[in-house]
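Q: Dropping the structure in here first, questions after.
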Amino acid sequence: MSFTPGKQSSSRASSGNRSGNGILKWADQSDQSRNVQTRGRRAQPKQTATSQQPSGGNVVPYYSWFSGITQFQKGKEFEFAEGQGVPIAPGVPATEAKGYWYRHNRRSFKTADGNQRQLLPRWYFYYLGTGPHAKDQYGTDIDGVFWVASNQADVNTPADILDRDPSSDEAIPTRFPPGTVLPQGYYIEGSGRSAPNSRSTSRASSRASSAGSRSRADSGNRTPTSGVTPDMADQIASLVLAKLGKDATKPQQVTKQTAKEIRQKILNKPRQKRSPNKQCTVQQCFGKRGPNQNFGGGEMLKLGTSDPQFPILAELAPTAGAFFFGSRLELAKVQNLSGNLDEPQKDVYELRYNGAIRFDSTLSGFETIMKVLNENLNAYQQQDGMMNMSPKPQRQRGQKNGQGENDNISVAAPKSRVQQNKSRELTAEDISLLKKMDEPYTEDTSEI
């Protein structure tokens, strides 16, 4: 008994695209017994991954049952935790949930400015015993292959799964069981780039690779590989950015003027909608740290959500549903302190909430989360304590810098008592000289 993902189990002999000798015929391979010509054009199925290209022949594709996972951040490893990583497929039991993710190295292309851009790879899932590594045993160390299996699967035997026929079977949008931790820096095709940050079931209700949406090419003037490729959207986006004078690979330079505009734009939002960053710090958005706002310290106060440690904390943030339905809410009217006295006063309310976020040591990244929390919870108390222990000396009004600070510092002695400006008592010799100075002057007339 063989299983078909997305369908009820069926026999291998039921495949309508197989010849009598049991060899699978791909849609782009020549088959004289079938007429696929329509108005001079030939239908071509979408390729999901390719194997090696034989000399003198077309690229033979291996069709995955699922949509791909694309990397969008360099330097991120593709990996799943043990027991995770096998996509959900109706009709496939847990005992057959085993296989591998295959890295498809996409080609580079030339942008409008003449530079070569290498597209980041895309990964596709194949059941054990199928795809480009059908003959390899589970767990074999192969570059570009990551093995995954459920806890109920026997990895010593191939999965009893039919190969996908793109002419009759559409690709299934990739999604995982609840609790699956997706690789960071990757997104599921069609699910948006927020998918890697979600620890719950991936929301990949997206476009599926469909045999009905076939790329058309002129049979007389074009080769079979000249249709629309999965990389064309990235190429078009890069060409548009190049025409606009922007480079998608280079970060935009932030000037003082743009930083001021960004900060003002953030501050114009309601307080609960602000996201502090490098241009608008935590203190500018929410005020100084204290007993009521006791989170943040060091670099996180400067960088806000731009801090490299913040994304792992965002995993703990509640959803809107959890906020409203999992918290104790209280509505209170407060005094309006904004606006001028001559302006009409507005009624101001506060929706106060009290709740908790519960997690345990099995949470992915638990040690890092605890480290970041311990460094930032009540960090203002440590900063205030350091300021009280070593206060900056205050200079008195009218006193020059350095005056009165070091009274015991020895200096060079003056050259004379006059420079010292010190008084002393007169000696007998001094008094005698003063008396002589007071006597009238008489000319000496004695002769020699």
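Numbering starts at 1 and runs along the chain as displayed.
Note that Cβ sites are derived from N, Cα and C of the backbone, with glycine treated the same way.
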Q: What does Swiss-Prot list, out of Arg122, Arg263, Arg271, as binding the same RNA as Arg106, Arg164?
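A: Of the residues offered, the record points to Arg122.
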Q: Could you tell me which three-state DSSP class Arg122 (RNA binding site) falls into?
A: strand
Q: What is the number of other Cβ atoms found within 10 Å of the Cβ of Arg106 (RNA binding site)?
A: 18
Q: Among Arg106, Arg122, Arg164, which the record lists as binding RNA, how far apart in Å are the two most distant Cα atoms?
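A: Maximum Cα-Cα distance: 22 Å.
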Q: List, in sequence order, the same-chain residues at least six positions removed whose CB sits under 8 Å from that of Arg164 (RNA binding site)?
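A: Pro5, Tyr63, Ser64, Trp65, Ala171 - these are the non-local Cβ neighbours of Arg164 (RNA binding site), listed in sequence order.
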Q: Taking just the CA atoms, what is the gap between Arg122 (RNA binding site) and Ser167 (phosphoserine) in Å?
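A: Here the two Cα atoms are 23 Å apart.
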Q: Name the secondary structure element type, per DSSP in three states, that contains Ser167 (phosphoserine).
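A: Once the DSSP labels are grouped into three classes, Ser167 (phosphoserine) ends up as coil.
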